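Undergrad: Next up is a structure, given as structure tokens.
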Amino acid sequence: MTDWTERYRPTTLSAVRGNNAARDEFIEWAESWDDHHESVVLHGAPGVGKTSAAHALASDMGWETVELNASDQRTSDVIERLAGRAAKNATLAGAVSGTTSTRQLIIMDEADNIHYQYDRGGKQAVTTLLKDANQPIVLIANEYYDMSRGLRNAAQDIEFRDISARSIVPVLRNILRKENIEFEEAALKQIAEVNSGDLRAAIKDLQTTVEGSDRITVDDVKTGGRDRAMGLFSFLDSVLKEDAAEEALQNSYDVDETPDDLLKWVEDKVPLVYDDAELARAYEFLSNADIWTNRVYATDYNYRWWRYATDNLAGGVAAARETQRGGWTRYGGAPYRSTRDSTRDTVVREVAKTGGFSMATARTAVIPFLSAITHLCKPRSLTVGMAAWYELDEAGVSYITGSGETTKKVASIVEDAAERRSEAVEAHAGSAFAETETEEKTNFTGNQDSDVDVQSHKSAESGDDTVRTANTPAEDHAQSGASETASATESASDSDASTDTDADDDDGQAGLSEFM
């Protein structure tokens, strides 16, 4: 299947949506180029139409194009040989005639990323090229101020702003009509809003959602797994096909998945795209990412190691690719069982609803913390309290603790949690599990058959010091709100910090604080 972002790329500037002011300024630059011979930088967020505008302008002006992509090595020799030859040689494509219709538009993508070792000398070569060229040159950048001062001073700049959802919807509507696919208008609006002004991502999500269907509804969008800041398939395209290492790494921060899940996705899908040599290099980076991910668990859930895993699985795998790739890739489903994926989504919703967190916070911060302090259902009393507070079933307890779903241990924990909830209701407590000190010994630590020893009971009565000692790294993670997970963990941190100082607090999170 052809990639819709390529099939429906605008062929004329009048079809470029959402940046009318930038479009008009770009046209003026081109039409007056003979007077100023100045190059131009188109800058703005990914997916707002910068590259499409450059190609559409060339089509409107009757200019040929010479393109130097981020995937090309951009040393001074390469730049002078490829782009310099087109810009300086007046005989190319009949430019000797001096007519504008025979000019060549030189397009250099990702001009803000000319800094890797293989681009050594590239910045100076481009700066020199901009000053001496007698052909129009367009530089394309996501971050204008990541470009060197020399490049910025040598070219005019035009900013492309994020495209509003209102401007994205007509584009999606037009595509579906050409594809003879029926649609609900609300579904298109939802896709446009989810993609936060990124037209390219919206088109990719649209194609993913309607794949194999002749109709798209709101329910299709809701169940399509696209409630992420950046879609997983857009992220995979970024890493495996489109973007340089730095941009791929930045995009990984916008995906609402933990690094260990992203690792599974990239590892599962990279063979669909890379050739043998690229695949060998990519697997080296994935192996490194796996080592860093395992170190998180080997160090009592020290999440600072995740950053190194992400560097390898996103930036490293992107760097292993020799060229950019276009076209459509059928990535297929999740790399792990769909039942597990469904369980995860259910648990995320329950934790978010009960704790008053956002879905993103529950998924990337709270659940990893709960997994750390209840790993393999230990300590049992804490696991029972968690299951009771969040009303988890066996699948939910199994998912968070990493235990087998059908084990007797998990089943007994769920039964005890249900009993705990019943007792709390009967006691008419202001908070479900904020028991008195007397009740705490019976309810929080469990009955005399509990696998927690007498010393653990005493510790629970005095503030659960034993549990704190056993789980210090995870506890510290929740209290510190470490930047490696998310600043949004403050709600979980506040609940934890209140255990000692606000045990009698009667707000909605008191039960969670007590169980922590």
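Glycine is no exception: its Cβ is also placed from the backbone N, Cα and C atoms.
Here Swiss-Prot flags GLY44, ALA45, PRO46, GLY47, VAL48, GLY49, LYS50, THR51 as ATP binding site. If you look up Swiss-Prot, you'll see 454-467 marked as compositional bias 'Basic and acidic residues'. Annotated compositional bias 'Low complexity' per Swiss-Prot: 479-496, in sequence order. What Swiss-Prot lists as compositional bias 'Acidic residues' is 497-508. If you look up Swiss-Prot, you'll see 421-516 marked as region 'Disordered'.
If you look at the structure here, what lies around each of the features I listed?
TA: DSSP assigns LYS50 (ATP binding site) to a helix. The local packing around LYS50 (ATP binding site), expressed as other Cβ atoms within 10 Å of its Cβ over all shown chains, amounts to 27.
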Undergrad: Hey, which of the binding-site residues GLY44, PRO46, GLY49 is the loneliest by Cβ count within 10 Å?
TA: PRO46
Undergrad: Let me know the most crowded of the binding-site residues, choosing from ALA45, VAL48 and counting other Cβ atoms within 10 Å.
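TA: Counting Cβ neighbours within 10 Å, the top one is VAL48.
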Undergrad: Validating a neighbour-count step here. Other CB atoms within 10 A of the CB of GLY47 (ATP binding site): how many?
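TA: A count of 25.
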Undergrad: Name, in the order they occur in the sequence, the residues of the same chain whose CB lies under 8 A from the CB of THR51 (ATP binding site) and which sit 6 or more residues away.
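TA: Long-range Cβ contacts: ILE107, ASP109, ILE140.
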Undergrad: Neighbourhood of the ATP site (GLY44, ALA45, PRO46, GLY47, VAL48, GLY49, LYS50, THR51): other residues with Cβ within 8 Å of the Cβ centroid, in order?
TA: ASN142, PHE160, ASP198, LEU199, ARG200
